[in-house]
Amino acid sequence: MYTLARQLLFKLSPETSHDLSLDLIGAGGRLGLNGLLCKAPASLPVNVMGLQFPNPVGLAAGLDKNGAAIDGFAQLGFGFVEIGTVTPRPQPGNPKPRIFRLPEAEAIINRMGFNNLGVDNLLARVAAAKYKGVLGINIGKNFDTPVERAVDDYLICLDKVYAHASYVTVNVSSPNTPGLRSLQFGDSLKQLLADLATRRAELALRHGKHVPLAIKIAPDMTDEETAQVAQALIETGMDAVIATNTTLSRVGVEGMEHGDEAGGLSGAPVREKSTHTVKVLASELGGKLPIIAAGGITEGKHAAEKIAAGASLVQIYSGFIYKGPALIRESVDAIAAKR
């Protein structure tokens with residue numbers, strides 16, 4: 001069924017297709033239809049970050065930026081759902097067109113630029129959702145906030161989402177917000193993480209609960225830089241790392257239509273880079289905090305490879321667009337088969 005739906009959706013522009021798909025998944029969720037249309041994945045419970053997941057396969061941030069289809073995605077069988085990236089204030093993102101399909105490579109290039117309706121709008125949708133499972137909220141900075149003041153935006157978002165999120169992801173790795181990736185390095189990263197840890201401690205006292213903080217990083221760092229990130233995460237008491245965001249590399253898409261578009265490349269071509277980053281992190285972290293792997297999972301075996309590389313959970317986005325909900329079940333089955 002999804003193969004036919006994809007053929008129809010791919011006749012539309014990528015962003016129109018995305019918006020329509022989100023509307024359909026959201027409507028299906030409100031009507032309780034999505035679970036009837038998709039065979040549920042097997043139960044494969046796992047405890048990560050002190051949270052109980054029914055299975056280790058989640059939705060990556062970016063597909064549902066505003067929390068418009070939380071119930072719909074949950075009904076498809078995801079073990080957890082991550083929404084966002086959300087910013088303190090609404091912003092339109094970059095000019096269109098800003099999403100490009102590369103179907104021959106099972107890849108997508110996007111330069112969306114954190115388009116979203118703002119954190120208050122997102123929280124209203126979270127409140128309206130019936131979903132009671134693990135919900136991650138991914139936070140970022142507004143485009144017009146100077147990078148040296150980025151921490152202000154992260155703290156505003158953390159304050160607002162804390163009571164409503166199972167965990168919070170801090171996005172410092174999108175390539176589409178100028179200067180953002182500089183926050184992954186050296187003293188900038190350590191100061192940001194320290195400020196977040198301090199605020200989280202205050203919020204934990206206020207709300208009477210500990211909400212885990214995850215940091216999402218890029219696949220384009222050297223092994224040494226990745227190792228330095230790992231040490232900073234340990235030193236500041238972060239709870240998890242998500243590896244990885246999209247890549248600026250164009251290896252695997254050279255010469256293809258849209259292959260030279262600006263933005264972050266996701267899908268199959270980023271798989272090896274992302275998995276390598278997972279392996280480096282696993283070596284450096286030594287089990288001190290868990291890794292959530294994202295990047296290039298287009299078949300179930302790729303999810304199992306991420307777990308074998310050292311991840312505790314996986315997330316899918318581009319693979320979901322190309323393969324549909326069946327990829328969730330296929331990934332859970334592949335992970336279970338390797339246990």
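Just so you know, the numbers here start at 1 and follow the chain as drawn.
Glycine residues also receive a Cβ, built from the backbone N, Cα and C atoms like all the rest.
The shown structure was predicted, so the numbers you read here are calculated from the model rather than taken from an experiment.
Here Swiss-Prot flags Ala61, Gly62, Leu63, Asp64, Lys65, Thr85, Asn138, Asn171, Lys216, Thr244, Gly267, Gly296, Tyr317, Ser318 as FMN binding site, drawing on sequence analysis. Taking the Cβ of Lys65 (FMN binding site) as centre and 10 Å as the limit, one finds 22 other Cβ atoms among all the protein chains shown.
Summarising the annotation, Swiss-Prot assigns substrate binding site to Lys65, Asn110, Arg111, Met112, Gly113, Phe114, Asn171, Asn176, Asn245, Thr246. Taking the Cβ of Gly113 (substrate binding site) as reference, residues of its chain lying under 8 Å away and at least six apart in sequence are, in sequence order, Gln91, Gly93, Asn94, Arg98, Phe143, Asn176, Thr177.
What Swiss-Prot records for Ser174 is active site, nucleophile, and it gives sequence analysis as the kind of evidence. Listed in sequence order, Thr85, Phe114, Gly140, Leu180, Arg181, Asn245, Thr246, Gly264 are the same-chain residues six or more apart from Ser174 (active site, nucleophile) with CB atoms under 8 A from its CB.
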- line: Whole-number Å distance separating the Cα atoms of Gly267 (FMN binding site) and Arg111 (substrate binding site) is 15
Query: Other than Lys65, Asn110, Arg111, Met112, Gly113, Phe114, Asn171, Asn176, Asn245, Thr246, which residues of the chain come within 8 Å of the substrate site, judged by Cβ distance to the Cβ centroid of those residues?
result: Gly62, Thr85, Gly93, Ser174, Pro175, Thr177, Gly263, Gly264
Query: For Tyr317 (FMN binding site), what residues in its own chain, 6 or more apart in sequence, show a Cβ-Cβ distance under 8 Å?
result: Leu59, Ala60, Gly62, Leu63, Ser266, Ala294
Assigned element (helix, strand, coil) containing Asn171 (substrate binding site), judged by DSSP: strand
Task: Check Gly267 (FMN binding site) against DSSP and tell me helix, strand or coil, would you?
output: strand
Residues Ala61, Gly62, Leu63, Asp64, Lys65, Thr85, Asn138, Asn171, Lys216, Thr244, Gly267, Gly296, Tyr317, Ser318 binding FMN per the record - widest CA separation, whole Å: 20
- request: Would you count the other CB atoms within 10 A of the CB of Ala61 (FMN binding site), including those on all shown protein chains?
  value: 27
